[in-house]
Structure formats: structure tokens, C-alpha cells
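Before any comments, here is the structure.
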Amino acid sequence: MKSMPVSFRLSLCALAIAGVSTSTLAAEECPIPGNVRVVIGSTSTGGDTYQNSSIVVDRLAEKLDINMKVDAVGAMPAFRALERSSNGSTLMIFHDMAYLGHLYGINGYDNIFEKYKVGPTVAINPGNAYLVPKNSPYQTVDEIIDAAGNGEEISVAIQPGGVSEIGFSALKNAVKIEYPGMEDNIVAVNTGSQADKNQLLFNGYADVINGSVQANEQYTRLPEDDQKAMRFVWLTARNETIKQANEEGLGETTREELLQYVTPNVSVTMDGEKDFTFDKEFFFLYNKDMSPEIVSCIDNALGEIYAQGEIQEQQKSLFFIPNFLPSSEAAAHLKDKMARYETVIENIQ
Amino acid sequence: MDFFSQLTPMILLLVFAGTLIGIIFGSIPGMTATMAVAVCLPLTYSLGINGALALLLGLYVGGIAGGMVPAVLLNLPGTPSSICTTFDGHPMAKKGEGEKALKVGIVASLFGGLFSAAILFFLAPVLADFAIKFSYVEKFLIIFLALTVIGSLAKNMLMGIFSGILGVWLSLIGVYPVTVGGNGETRLMFDFMEYYMYSGFSLLPVLIGIFGLSVILLDAEKGLKGDGDGQAIKLTKGSGFSFRDIKGQLVNMIRSSSIGTFVGILPGVGGSTCSILAYTQEKNFSKDSSRMGKGAPQGIIASESSNNALTGGALVPLLSLGIPGDSTTAIMIGAFTLQGIQVGPLFINSNIDTWYMIVTMLVVANLIMFAAMFFAIKYIAKVIEVPKHLLYPIIVMMCVAGAYAINYGIMFDVWVLLIFGVLGYIASKVGIEVVPLIIGFILGRSAEVYFVKSLESFGNFTIFFTKSPIAVVLWVLIIISVAFPIYMRMRSRRGGDAVQSN
């Protein structure tokens with residue numbers, strides 16, 4: 001082999017040293033493993049948790065130049081996987097059910113602020129909705145609250161213990177405030193998937209169902225004589241949240257039309273003064289002992305990703321509202337949210 | 001039409017690749033069509049909706065059909081929906097007719113797949129409207145009807161029923177999840193077991209433990225000098241396949257494919273239920289079912305045509321209501337959401353080209369599955385001739401890998417495989433019947449949910465009899481299904497007495 005010129009060899013050495021020192025520096029700044037598993041609190045790959053997690057995780061993996069994979073394992077296996085791994089090789093993405101499950105006393109849901117580290121928030125799904133059959137006698141949530149207050153039993157199909165139940169609790173709370181003693185007329189029909197909730201509405205065994213803009217919007221476009229036709233009566237999202245959605249909204253329901261179903265156009269009182277609102281937010285959860293360097297590394301990486309602005313467009317195109325808050329702000333924000341909903345839940349117990 | 005311009009060679013290549021990978025996944029014990037779709041879903045993001053669906057539909061069809069290979073050759077259902085294929089497929093393989101059994105299964109699978117694709121294309125919206133008439137009550141009765149197969153399959157009626165109940169009991173261990181409207185509390189276990197058994201026993205490790213590991217343990221007890229059965233299985237020993245083998249089975253194929261398609265249309269009822277139901281109905285309504293369970297092609301036809309017909313059926317609610325019909329289409333819906341496409345009651349009308357593509361790709365996937373399996377099967381079938389001392393360690397390794405992977409890497413599932421392998425071994429020693437036990441296990445959880453939800457919704461037991469005309473029809477089928485095996489047993493006993501008295 002021909003010997004390389006000395007200058008070329010020196011250059012190569014310099015490059016190698018520079019490369020090594022750069023990667024060492026990078027590893028010190030961000031000591032995250034090269035293969036990271038992101039478990040999510042849902043087993044569905046067709047739901048909003050998987051959809052949103054995929055967007056964020058793909059961008060994060062690219063930014064950190066590591067392998068990351070989203071695994072739809074469900075809440076309990078995800079919490080357990082997170083407990084087992086403190087070196088950053090397992091992270092979790094979930095939504096408000098992580099703390100609502102604890103507030104509702106669901107077995108296996110601990111206080112996330114004590115048991116885990118709360119990571120950054122990444123997005124909001126503004127679509128949490130309540131629907132009635134298109135030919136329902138109830139035109140608005142006000143009419144539903146009044147009917148319950150006047151002794152009619154209103155059955156609401158929900159999945160217990162989380163995002164689906166919080167709106168139900170709010171309705172019950174509103175009836176209690178406006179018609180004390182009549183709140184038991186709002187009755188939960190506990191069920192599972194969106195399919196089950198829809199089915200109860202089709203068969204007339206629920207007056208109201210919890211659903212979402214994404215899953216139910218097409219049903220709202222069916223003619224009234226169709227057994228499957230539904231109508232939105234309430235979106236729990238804040239008015240400001242919906243205002244951030246793309247103007248075209250979702251499907252053929254525009255942002256302006258969606259705004260008709262949120263406060264102040266729809267009022268479900270929280271305490272007699274303020275309206276109840278609920279944004280379904282997605283955020284990271286970490287093992288309690290995960291190093292602060294990894295926490296800030298992910299915060300920084302996401303901060304840069306959101307600063308570039310492309311992810312926001314992607315999220316908005318899929319009807320998510322970008323909502324990046326770094327870990328410390330996210331924890332305070334979610335704690336505050338939890339405290340608010342705790343009062344609602346306690347008030348109806 | 002834009003549709004033809006979208007049907008590119010790349011799309012066809014993706015269907016081809018998906019089908020082949022699906023067949024491989026389905027053929028490996030412990031790997032399922034659902035797993036194949038889940039593994040490949042993240043890859044589809046960059047393919048666009050047509051490319052994504054081409055790959056996933058191929059995986060789906062290939063995965064379901066591939067499940068028959070280990071079911072026939074190794075007595076191990078490759079996917080839960082091929083459980084009934086083992087009842088007749090493996091006895092045929094033991095007689096040296098493995099290739100014939102597989103070819104019968106492949107033809108039945110093709111028929112089922114094309115039948116359901118046709119139903120999907122012509123009747124999807126109508127059937128979706130019919131499916132929503134099935135409330136918890138009717139769904140419970142369908143599961144109950146499937147459970148009555150225990151009466152037909154049990155060697156000893158009393159022990160069969162006991163085994164079935166034991167299977168139901170085992171399926172209920174663990175949490176009653178809030179995700180199905182439960183209370184989130186665990187039951188049938190001690191507190192210290194909760195960490196491992198919160199979600200109960202997963203179906204696949206139980207299935208391959210009972211069907212695979214227990215047989216290996218039983219053979220190990222006999223010793224592997226020579227062969228477990230005392231004679232080596234030779235493919236050349238039995239008769240070969242001829243299309244005459246499926247002559248006279250058209251009614252069976254149409255009935256089983258209809259059952260498969262229909263069960264697919266009902267969200268939440270599940271793929272295993274359809275093959276069990278189709279097998280039961282063939283046993284009850286065929287002119288001669290005396291050889292079923294001992295190596296009759298009609299059993300394979302019932303099972304395979306129904307489970308492949310499930311594919312088109314499960315797409316009906318997905319594309320007409322936005323609701324997945326089974327566990328695989330539940331993952332497939334991710335392909336739509338990742339691409340930002342809404343599926344719901346208006347999907348077909350607003351995405352007409354995608355709709356044509358889906359039906360075309362489903363047909364193409366079935367044809368590729370047929371071509372690939374029919375002509376390659378004589379080589380695949382040679383697995384049966386591999387000496388057991390070489391074959392068994394490989395099967396154990398695949399079972400362990402499959403059990404570990406099924407819930408994304410839970411070691412407890414490997415223990416479940418071992419526990420149920422030993423349980424299956426003990427069961428065969430004490431006379432517990434494995435097939436009723438596993439059917440009870442498969443159907444137990446759904447039966448509980450639909451039963452409890454029916455009572456919660458309607459508040460009384462009489463609703464099971466009075467809910468709707470559909471419920472009445474299902475009760476008639478249940479009564480026939482229960483009475484028929486009792487009648488057959490009484491008749492054969494009387495026949496035996498007559499022979500004795502003569």
C-alpha cells in the first residue's frame with residue numbers, strides 16, 4: 001500500500017479527533033441510548049395517541065439521530081415498562097387519562113406527579129365531543145341539563161375513568177349546581193370503544209354519547225332519517241384551542257362550525273361562574289430516576305423541532321393543535337389542570 | 001377512471017411482498033397476521049395510502065392463510081383463527097396426507113377470500129346497516145352459539161363441558177378493563193400475582209402452550225427413538241390432492257364463507273369465533289359428519305374458508321362505519337389515520353378510487369396467496385418428514401420467540417407458554433379435554449363482556465329471549481346445536497345396544 005502524504009494523515013487524525021470529541025460532547029450533553037422504545041397508553045394504532053406519538057417520535061429520532069419506536073402496549077404495560085427502565089431507553093407518551101385515572105380511582109393509576117417525571121406536552125386533540133342522535137329531542141346541552149333538572153333521566157355512554165368520563169362528570173356537576181339534588185338523572189352507561197358507544201346511540205340505549213370530531217364527523221353529515229345520523233352538541237375544548245385549528249376544520253365541518261359547540265356558545269358551568277373546558281393533551285412521562293440530562297436533552301431537541309415550525313403544520317393537518325411546553329412548565333400546567341378537575345369530581349361524589 | 005392509473009406495478013409488487021411476508025408470519029407458530037400488520041405499519045407511512053393498503057392487505061390475507069400450515073403439519077394453530085384446521089388437518093397429515101390437507105385448505109381459503117371480497121364490494125353499506133342491529137344481547141348469543149361446539153367436539157360430554165367451563169374461568173383471570181367498560185379491578189387472583197397477571201393470560205401463548213408444548217412433552221415422555229407414534233410420517237403414504245376432494249363441498253364452502261364474512265362484519269366478535277362457528281355448523285348440518293375430527297377434508301374447508309372470508313367481512317365495518325371488524329383491521333385503521341384519511345360512513349363515496357383499489361388489492365392478494373401456496377406447498381409439507389429430534393427444538397424456539405413478542409416483549413408470556421404446556425400435558429393425563437378448554441378460553445372474555453353489558457343495559461334476563469327476531473333465530477340455532485350431538489350420541493348408543501343384543 002502506498003503511504004499517505006504526512007499532511008493528509010495529519011488531516012485525517014485531526015478529523016478523527018474532532019469527530020470523537022464532537023460525539024463525546026454530544027453524548028455528554030444528551031446521554032440518551034441509541035435505541036429508545038416509546039410506549040403509549042393505548043393499544044390502538046388507529047387512535048389519536050398513536051397518531052400523535054408517531055409524528056413526534058419520528059421527528060425526535062431524526063433530531064437526536066437515534067432509533068425510536070412507538071409501541072402501542074396500553075396503559076398498565078406502559079407504566080410498568082416505564083418503571084423498569086431509568087436509563088432513558090423506555091419513554092412513555094400518554095394523555096390526561098394518566099392523572100384522571102388516578103382521580104377516578106382506577107386500579108393501577110398512581111399519581112403521575114409522585115411516581116414518574118412529567119415530560120413535555122406536545123399537542124392537544126381538540127376533538128373530544130358529545131353527540132346526540134340527529135332526531136334527538138335535545139337540541140343543545142342546555143336542554144339536556146334542563147331536562148335532567150326537571151326529572152328526565154339522561155343516559156350518557158362513556159368509557160369510564162378518563163377523558164371520556166370527565167365531560168360526563170362536568171355535565172353532572174352542572175346539573176348539581178343548577179338543579180341541586182337532580183344530578184343523579186345524568187346516568188353513565190359504561191362501555192368501551194367508540195364502536196360500542198356509537199352502537200348504543202344507534203340502538204337508542206343512550207341519549208348522549210362521548211365521541212370525537214375525528215371519529216364522528218362523517219356521522220353528522222348523514223341525513224336525519226339514517227339510523228346512524230348524529231349531531232354534535234358539545235366540544236369540551238377551549239374556544240382558544242379550536243381557534244388555532246386550520247380554517248377548514250375536519251372533513252366538511254369548518255372551524256367556524258366547530259366553534260358553535262364550544263364555550264361560550266355552549267355553556268356547561270363548572271362553579272356557577274366559569275364554564276367547564278377540557279383540552280385532551282398529550283405529554284411525555286419518564287421514569288422517576290431518569291437523569292436530568294436526558295430530560296433537558298429531550299426538552300431542547302423538541303424545542304428546536306417546534307422552533308423550525310414544520311411539525312406544527314403536520315400536526316394541524318391531522319387536526320391536532322401543537323402545544324409544546326418543556327418539562328418543568330408542562331408539569332406545573334398539568335398539576336393545575338388536575339387540581340381543577342379534582343374539584344369537579346369531588347363535587348359530584 | 002383514475003383508478004387504473006393508480007394500479008401501478010409498484011402497488012402490485014407491494015401486495016405480492018405483503019402476501020408472501022404474511023404467509024411466512026402466519027406459518028410460524030406464535031406469529032400472527034395481526035403481528036405482521038403491526039410490525040409493518042410504521043413502514044407504510046411513506047408509501048401513501050394505496051401503497052400502505054397494498055402491503056397491509058397482502059399481510060392480512062397471507063397471515064390468515066399461512067396459519068393453516070403449522071395447524072396441519074404440526075397440530076399448532078399458526079393464528080388463533082386456524083384452531084379448527086388442526087382438528088382434521090393434522091390427522092390427515094399423520095396419515096401422510098399433509099399436502100392434500102393443505103391444498104384443500106388453500107382452495108377453501110381462496111374461495112372464502114374471493115367470496116368475502118365480492119360481498120364487500122357489492123353489499124358493504126347494506127351489511128353495515130344490518131350489523132348495527134346486533135346489540136350486546138345478539139353478540140352474546142353468537143358467542144354462546146360458538147360455545148355449543150364444545151358439545152359436538154367433546155369425546156365425553158360431561159368432561160367436555162367441565163373443560164369448557166375451566167377454559168372460560170381461566171380466560172377471566174385478570175382485570176375487567178375500563179377499556180371495555182369494566183371497573184378496572186382484577187379478579188380470580190391473589191394480590192401478589194397482580195403485577196404479572198394484571199392483563200390475564202394472553203391468548204397466543206396459551207394456544208401454543210396447550211397445542212404445541214404439551215404435545216412435545218408427551219412425545220418426550222414416550223422417547224424420541226424412532227418416532228413418537230412408533231412410525232415415521234411419510235408424505236407419499238397417503239393419497240394426493242385432486243379437485244375431486246372438494247367435490248360436493250360447495251354448500252359447506254358457501255355456508256362457512258358466509259359465516260366468516262358475517263362474523264367479520266360484527267365488530268368485536270373475533271376471528272377465532274368464525275372458524276369455530278363454521279366448524280360447528282358443518283358438523284351439525286352436513287349429511288355425514290362422522291369423520292370430522294378424524295381427518296375429514298370438510299372440516300378443513302369449513303375452518304379455512306370461514307377464516308379467510310373474515311378478511312373481507314372485517315373490512316365492511318371498517319370502510320362503511322370507520323369501525324374495525326377484528327384485531328388486524330383495528331391496526332390497519334392506523335394506516336388511514338397516519339395518512340390523515342377519515343374512515344366513516346361516507347368513506348366509500350368520498351374516496352371511490354381508494355375503495356376500488358382496496359377491493360382489487362384484496363382479490364389480488366387472494367390470488368397471490370393461492371398461487372404462492374398451492375405450488376410451493378409440496379415443499380413446505382416436507383416439514384412433516386423432518387425427524388422430531390430436529391423439529392421440536394426449532395418449534396420450541398419459535399414458540400418462545402412468538403410468545404415473547406406478542407405483547408411487545410413481556411417475559412411473563414413465555415412463562416404462560418410453559419405453564420399451559422405443562423397444564424396441557426397434565427390435562428391429557430387426567431382426562432381434561434384440551435379442545436373444549438381452549439374454545440372456552442378463546443370465547444370466555446367476550447362472553448362475559450357481552451353478558452354483563454346486556455344485563456347492565458337492559459336490567460333483566462328475559463331480554464336474552466325477547467330482544468329481537470335475530471335473538472330468537474340465534475336461540476333456535478343454539479337449541480339445534482345443543483340437541484344435535486345429544487341426539488347423535490343417543491342414536492349411536494342405541495345402535496350399539498342393538499348390535500350387542502343381536
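Using N, Cα and C of the backbone, Cβ positions are placed for all residues, glycine too.
Automatic, uncurated: that is what TrEMBL annotation is.
Note that the structure is predicted; figures quoted are calculated from it, not measured.
Along the domain 'DUF112' (B:12-439), the predicted structure has mean pLDDT 88. What TrEMBL records for B:12-439 is domain 'DUF112'.
Within its own chain, the transmembrane segment (B:12-45) is flanked in space by residues 51-52, 54-70, 74, 76-80, 82, 204-205, 208, 212, 327-328, 331-332, 334-335, 338-339, 361, 364-365, 368-369, 372-373, 380, 395, 398-403, 405-406, which lie at least six positions past its ends and keep a Cβ under 8 Å from the stretch. Residues annotated as transmembrane segment in TrEMBL: B:12-45 (among others).
Per TrEMBL, transmembrane segment is recorded for B:51-73 (among others).
The annotation transmembrane segment is assigned in TrEMBL to B:101-124 (among others). Tertiary proximity for the transmembrane segment (B:101-124) is limited to same-chain residues at least six positions away from its ends with a CB under 8 Å from its CB atoms, namely 61, 64-65, 68-69, 72-73, 85, 88-89, 92-93, 241, 243, 245-246, 253-254, 256-258, 260-261, 264, 295, 297, 300-313, 315-316, 319-320, 348, 359, 362-363, 365-367, 369-370, 373-374, 377, 380-381.
Taken from TrEMBL, the feature transmembrane segment covers B:130-150 (among others).
A Cβ distance under 8 Å defines the sequence-distant neighbours of the transmembrane segment (B:157-176), meaning residues of its chain 6+ beyond its ends; these are 147, 150-151, 182-189, 197-201, 206, 427, 431-434, 436-445, 447-448, 485-486, 489. Annotation source TrEMBL lists transmembrane segment at B:157-176 (among others).
The transmembrane segment annotation in TrEMBL covers B:196-218 (among others).
Residues 34, 37-38, 41, 44-45, 48-49, 52-53, 56-57, 60, 124-125, 128, 314-315, 318-322, 354-355 of the same chain, all 6+ positions outside the transmembrane segment (B:329-348), place their C-beta atoms under 8 angstroms from a C-beta of that stretch. TrEMBL lists B:329-348 (among others) with the feature transmembrane segment.
Outside the transmembrane segment (B:354-377) by six or more residues, the chain places 1, 3, 6-7, 11-12, 15-16, 18-20, 22-23, 49-50, 53-54, 57-58, 60-62, 65-66, 69, 99, 102-103, 106-107, 109-110, 113-114, 117, 120-121, 308, 311-312, 315, 319, 341, 347-348 with a CB less than 8 A from a CB of the stretch. What TrEMBL lists as transmembrane segment is B:354-377 (among others).
The feature transmembrane segment is assigned by TrEMBL to B:389-406 (among others).
What TrEMBL records for B:464-487 (among others) is transmembrane segment.
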Best-contacting stretch, by C-beta pairs under 8 Å, relative to the transmembrane segment (B:130-150) and drawn from B:51-73, B:196-218, B:389-406, B:464-487:
B:464-487
